[in-house]
Structure formats: structure tokens, C-alpha cells
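Trainee: Mind looking over this structure? Questions follow.
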Amino acid sequence: PLQCSISQENQVVPLPRLPRVAVCGGTHGNELSGVYLVRELLKLQREVMKKEQEEDLKPASVLLVLSNPRAMQQCRRYVDTDLNRCFTHATLNGPLSDMAPYEIIRSRELNALLGPKGSPAAVDLVCDLHNTTANMGLCFIAYSDCDWICLHIFRHLQVSNTASYFSEIFAPSKFSYSLDSVGKHGFAMEIGPQPHGVVRSNIYTAMKVGVQHMLDWVRLFNSGNVFEGGFVDVFTMVKHIDYPRDSETRNITAAIHPCLQDRDFCLLHPEDPLFQTFSGETVRYKGTEPLYPFFINECAYYEKGIALSLNYGNVYKVCSHEIFHHGNIL
């Protein structure tokens with residue numbers, strides 16, 4: 001069962017606005033919902049700015065970024081190496097050779113555009129758009145379960161019946177590896193199922209609605225507002241499980257069991273079916289406690305040796321916040 005945690009008490013919070021927000025698509029070049037959505041938003045950006053002025057809303061500067069143009073052109077996840085693993089402090093600041101992979105060079109360009117990571121100059125919020133072949137609905141993935149800005153955005157989408165799950169991957173800032181970690185706040189908006197190299201209208205529309213709700217929340221935040229609290233389910237990543245493999249060839253010898261396929265975020269109990277070998281035998285989950293699986297049978301993770309990931313489940317109380325702003329905005 002989900003465990004319960006309580007965030008800080010209801011309070012009035014003085015905070016700077018979020019004047020610079022980045023929405024990024026194409027970090028993986030074959031995850032097409034984000035690619036086509038960012039292209040569409042680039043076309044509509046002038047109309048959005050006009051609407052903000054007419055309604056006298058406090059505008060956020062929305063920077064729209066197509067993150068990996070070479071991989072997009074080839075409709076591949078990446079050209080040389082996974083761009084979304086290139087944003088650790090060491091990778092961004094280490095020596096750079098003349099033979100550096102394209103994505104290493106591109107990560108530094110993006111860090112210069114959106115960061116530098118960990119600095120006061122970094123953009124206030126990064127929303128990085130992704131697709132998964134797993135049946136995860138619309139899921140937020142973040143590095144912290146105590147960044148109340150990301151939690152409130154998630155709750156805003158959840159109340160609107162847009163977002164389904166919030167998953168936390170714990171990592172200190174200098175070890176956080178994904179593009180969304182470059183901003184002061186950030187998360188990946190992961191939505192599926194959708195095959196890579198394909199765009200499905202329903203998945204694209206769900207992502208579009210999610211981004212619109214996120215930007216609406218930012219505008220409300222920048223205008224000063226009361227954000228009601230409530231409970232959200234937060235899943236904390238515990239470990240990865242690889243496929244069974246041949247000890248000599250390292251080829252996989254089983255697939256996800258039919259009873260587990262497409263059951264992302266449904267509780268997996270010890271002795272539940274986990275894999276079905278190619279000879280027809282059932283391999284059962286040998287863990288000592290029930291956990292929540294996600295990224296089940298994700299296509300892009302075969303090369304990473306990940307059949308699925310497992311999470312603890314927690315219920316967090318996100319407390320109400322009344323926002324007011326003071327001081328000059330740089």
C-alpha cells in the first residue's frame with residue numbers, strides 16, 4: 001500500500017516569479033509528440049503573447065527548444081550517445097576532445113542556453129517532453145519529492161484529470177543527468193504508450209493539454225495566487241530489473257509476462273509472474289516486498305539492460321500556499 005508523508009504546513013510564501021520557462025522537445029529524436037508540439041507552439045507563440053497582454057496576465061518568457069536536431073532529422077533516439085544522460089556536472093564541465101560525441105557537444109550548447117546548471121542565471125523551470133512505449137499515461141519524472149513548485153504543477157494537472165503519476169528519481173544535483181535538471185526547477189513530462197518514430201493523435205493531444213495546463217499554472221503563479229493543497233501519489237524509484245539473459249551470449253531469454261505487460265504503476269507482489277521465457281516457462285518476481293513497476297518493456301531500455309523499474313509508493317500532502325512577490329525581477 002501507499003505510505004503517507006506530509007509536506008510543510010499551509011503558509012504564505014514570498015517567492016520570486018518564474019519569468020523564464022523552457023519547454024523542450026526532441027531530446028530523443030524519435031519521440032515525436034514533443035517534436036511536433038514544440039514546432040506547433042513555435043508557430044503559435046505570437047498569439048499566446050498577444051493573449052497574455054490582452055488579459056493583463058503576468059507573462060512568462062517561454063523558451064521553446066528543439067533539443068536534438070540531428071537525431072530528429074534522422075528520427076533516431078540519438079546520434080552518438082543518449083543526450084538525456086549528458087547533463088551531469090562532470091559531463092558538462094569536463095575536458096572536451098575534438099572527437100567528442102555530438103550529444104556531448106549539444107549538451108553544452110543547451111547548458112549555455114538554459115543554464116548554466118546550478119547557477120542563478122539558469123532558467124526558472126524546464127519541462128522536457130518525452131514519449132514512452134510503456135503504458136504510463138502522463139507521468140511527471142523529477143529529481144525531488146520536496147520541490148513544491150513541481151508538486152503543485154502536478155496537482156494542477158491531476159485535478160484537471162490530465163496527469164496520472166509523479167515519479168521521483170533521487171540524485172544529488174551534480175549527479176542528475178537529464179536536461180530538465182539544468183533549470184532551477186524541472187521535470188520530464190513522459191507520456192505513453194506510443195511507438196518511437198510514430199505520432200499518435202491521442203498521445204499528442206494529451207501532451208498538448210498537459211503543457212497548456214502547466215503554462216496556465218505558471219501564469220497564475222506569476223500573478224500571485226492561492227494554491228489549494230491536497231494529496232498526490234508520489235512514486236520513488238528503487239531499482240531496475242534486467243531481462244533474463246544467456247550467460248554466454250548475453251542475449252535475452254524471456255519477455256515480459258503477459259500478466260504484467262501494460263500494468264505500469266500497478267502493484268507487483270512477490271511471486272507474481274514477471275517474465276515468460278521463450279520456451280514458455282514463467283519467471284516470478286522474487287522480491288521481498290510489493291513494489292510498483294513502471295517503464296515496463298520500454299523499447300529504448302533494451303540497450304540499457306532494463307526490462308522495468310520498481311518504485312515505492314507514497315501519498316504526499318501538498319499544503320496550500322498563498323503566493324506574493326516582492327523585489328525586482330532580474
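Cβ coordinates are placed from backbone N, Cα and C, and glycine is handled just like the others.
Pulled these features from TrEMBL for this protein:
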- 18-216: domain 'Succinylglutamate desuccinylase/Aspartoacylase catalytic' (DOMAIN)
- His28, Glu31, His130: Zn(2+) binding site (BINDING)
- Glu190: active site, proton donor/acceptor (ACT_SITE)
- 232-310: domain 'AstE/AspA barrel-sandwich hybrid' (DOMAIN)
Trainee: Between the Cα atoms of His130 (Zn(2+) binding site) and the residue listed as 'active site, proton donor/acceptor', find the distance and write it as a whole number of Å.
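Mentor: With distance taken Cα to Cα, the residue listed as 'active site, proton donor/acceptor' is 5 Å from His130 (Zn(2+) binding site).
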Trainee: At the Cα level, what's the spacing in Å between His28 (Zn(2+) binding site) and Glu190 (active site, proton donor/acceptor), rounded?
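Mentor: With the alpha carbons as reference points, the distance is 12 Å.
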Trainee: Excluding His28, Glu31, His130, which residues of the same chain place their Cβ within 8 Å of the centroid of the Cβ atoms of the recorded Zn(2+) site?
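Mentor: Surrounding the site, in chain order, are Gly26, Thr27, Asn30, Gly34, Arg77, Asn84, Leu129, Asn131, Thr132, Glu190, His196, Ala300.
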Trainee: Tell me, how many other CB atoms lie within 10 A of the CB of Glu190 (active site, proton donor/acceptor), whichever protein chain they belong to?
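Mentor: Excluding its own Cβ, the number within 10 Å is 25.
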Trainee: I'm trying to understand the geometry here, so how far is the Cα atom of Glu31 (Zn(2+) binding site) from the Cα atom of the residue listed as 'active site, proton donor/acceptor', in Å to the nearest whole number?
Mentor: 10
